[in-house]
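The structure's right below; bear with me while I get my questions together.
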């Protein structure tokens, strides 16, 4: 009597999910490493790495922190997802999912709070800008960031040019010996298309004039108001970027969880 052999195909890990998640995360990992490298290089150039205590010396915001924090998070997430997918390590994949889910939850919470407490956010933005106006000359990266913001949004100070009285080099007090007294940074100046060479002294003494005359030479609107206007004008683009980032995060979490389920199913058949 012939014996029939029945072959049952057991559960297996999806190669598509595995290598797609691996490729997705290796890009993330490399980007994180690049951000971290740029941040550490910037700190090395400023001598921060040779004197760690100087991190707390800056009164304003050091833009390098953005590269360090964002790069660090991307590097850790990319590493966990990349190695977890390649080695089929459920612990790393779960860490990746939970960490990414936590970031998504924090982003969602921040968005809801920002919408619910608009006035408080606006006050904090005013405080943040004015605090950095005070530290304008203390750090070259901060200086470049403020100059970029004022030039891009065609603004000057948080509420207007007189916010530069908060800075020791630009304030209008009689005891201020600086040549920049009663002036503003060059990034506040209205650009002349006919000028080929940037005039970095265009803001000197400009606040000694009446406001009507100031408008001929510098931007008189504050950066908080201009930023709000920019957000309103570009609301669809900004919302699209945030929704795109959120969908990528959800997609990453789903891929990781799918791979974890496959690995568990395979192990259950051993």
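Cβ atoms are placed via backbone N, Cα and C, with glycine included.
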Looking at 20-44, 120-144, which one does TrEMBL call transmembrane segment?
20-44
Here are the disulfide-bonded residues: 155, 156, 172, 188. Which has the lowest count of other Cβ atoms within 10 Å?
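Each of the disulfide-bonded residues 155, 156, 172, 188 was scored; lowest Cβ tally within 10 Å is 172.
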By a Cβ-Cβ criterion of under 8 Å, what residues six or more beyond either terminus of the transmembrane segment (20-44) are in contact with it?
50, 64-68, 70-82, 85-86, 96, 141, 252, 255-256, 259
